[in-house]
Amino acid sequence: MAGFARATASASPSPAAALLTGERLVVFLFAARVALAAPAHLAAPLAILVAAALAVELAVDGSAPLRRFRTRPGASSGILLGATTLPSVMLSRLIQLSRLLPTDPNGPKEFAYLEMQYWAASISCLSVLALFLWHLRTSPSNGISKHLEYGSLLIVLYLMTFFLSFLLKTDGGLMVMTNMVYMLCHGAAAVILLKHILEKFPSCASFGEALLVSSGLILYFGDMLGHTLSKMEFSMSSKVFIHTPGTRSDMTAIIQGILLGLFLLPLLYKSSLQVWDYCTMEGKQQTQEAEDHTGKRIGSAVFYISLVVVLMFLLPSWTHLVQGLKVHPFVWIINYMFTDAHERLALCAYWICVIYVSVRRFYSISKQSKTERILLRKYYHLVAVLIFSPAVIFQPAFLDLAFGAAFAVFLTLEMIRIWEIYPLGHVVHQFMNAFTDHRDSEILIVSHFSLLLGCALPKWMSSGLNDRPLAPFAGILSLGIGDTMASMIGYKYGVLRWSKTGKKTIEGTAAGITSVLAACSILVSLLASSGYILSQNWLSLLIAVTLSGLLEAYTAQLDNAFIPLVFYSLLCL
């Protein structure tokens, strides 16, 4: 949907108009909805963070020093949306978990750990905001504007709130201090990762998108690090380090282990190539063509060997340490699939058929037809509905595993494409290019990742206790139905535009909101007939659908990444 609009701030409005862009207004309403449902001691930090993010966004949009980072063309900075989304999601999960505390014996431990993750996500976003302010302040061509002053004061105020909230805890002591240091390390790591993303993948993301990705990855792998350290048999870590709840399933540990291994794969691959180059540097003279050919074959062999090492040796070692898994994760997966063989294997066959037919059909259309690329891509959103909806209802746990496997396959194929790994690199590149749009760069194709994660993240975060039955469907509903209908109706029948500079239409937004509400009504009936105990408030649902639809209408960010998280966060309230 980002292809149908450009941020209203991209024109050159007056300062008052720039402050009141549609995207910022929707983000404020979203944050206010979450904060009003939260306890004051957790809502106040979110309010300060949102205000600081607005000040930083205004300072960045009105200056030039951050142009050293090449961001995605056609997108606004998106700092406010990027800094608000993840902390709001974590706070919404805290609000949901607080309702479930009386029914869960592990509830207090889960709540304490989730509260710490909320602070870690907020500190990560705050640290990135501080990085932007530092770049603005140290630039010789940039004066000290009032937005810089306000942003700096709000960051200091947030840090004071953070330290006071932990120092006033009754349990106090070394445990609290260690947790504070652990969360501040999240902030430092998020800054390092964000700079790496913007420098190594130029023109692939806006500031807000890079902020969301960096803070999300740091939070995810910080969780893995916390669980790893808490399982190590060191007396000190058991006394003073972070205590993680021991309620994670084997499946969650396996998914995390696979993703950890794949994210470490580039490091292992590059290191192995450097060692190989050093060992073979002397004594061999070849023509440039022969050297390139040999280098590609050797690089491909090193990649496949590194992949085998990660999946066959590092993965089982980590799952055994953290989860105590006695068998290889792949053996566990096979055993799990055959536990309920008829239904799960039938579901796999159904997925294969749908994917094969849709890919074959849409790929041929993309090569021959003049169909708009954005509409062609929306058909894949409908395919996502066909694939994921039955599994969410009938095999929700198995879908968690399928999402993890699909993301692992996508990640591996993207590495093969980027590094031109023989023999699949060129084939994968040709195929993926048929479905790219302006949001994809020549370096990195993000559209398929964002669609998959947009559907997967609400489902993963809803695993375990969940009193909002529509929350796992947040990605499927917002992207597969709302996004698709808004784009198609807006493209074919839209006349009234939300802004003079954008292409989003009121008709498209109304169609998206109406279609999601209709789908929710049907889905609630299906869930009720399947035995779910429903507790979804319809007024809250209407607010969630409306705000998500308005965000789709106004944002110039990667909607597949933000809208499902915003919708999920609102559904949890």
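Using the three backbone atoms N, Cα and C, a Cβ is placed for every residue, glycine included.
All annotation found in TrEMBL is predicted automatically rather than curated by experts.
Look at TrEMBL and you will find 34-56, 77-96, 116-136, 148-168, 180-198, 210-229, 249-269, 301-321, 341-359, 379-398, 473-491, 511-532 tagged as transmembrane segment.
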Interface present between the transmembrane segment (77-96) and the transmembrane segment (148-168) (three or more C-beta pairs under 8 A): no
Message: Take the C-beta pairs under 8 A between the transmembrane segment (34-56) and each of 77-96, 180-198, 210-229, 249-269. Which stretch has the highest count?
response: 77-96
Message: Take the C-beta pairs under 8 A between the transmembrane segment (249-269) and each of 77-96, 180-198, 301-321, 341-359, 473-491. Which stretch has the highest count?
response: 301-321
Message: Below 8 angstroms Cβ to Cβ, which residues of this chain, lying six or more residues outside the transmembrane segment (77-96), approach it?
response: 23-24, 27, 30-31, 34-35, 37-38, 42-43, 46, 49-50, 52-54, 56-57, 60-61, 71, 111, 114-115, 117-118, 121-122, 124-126, 128-129, 132, 206-212, 215-216, 219, 461, 466-468, 471, 555-557, 562, 565-566, 568-570, 572-573
Beyond the flanks of the transmembrane segment (341-359) by at least 6 residues, Cβ under 8 Å: 379-380, 383, 386-387, 390-391, 394-395, 398, 402
- prompt: By Cβ distance under 8 Å, which residues at least 6 away from the ends of the transmembrane segment (511-532) in the same chain are close to it?
  reply: 393-394, 469-470, 473, 477-478, 481-483, 485-486, 488-490, 541-542, 545-546, 548-549, 552
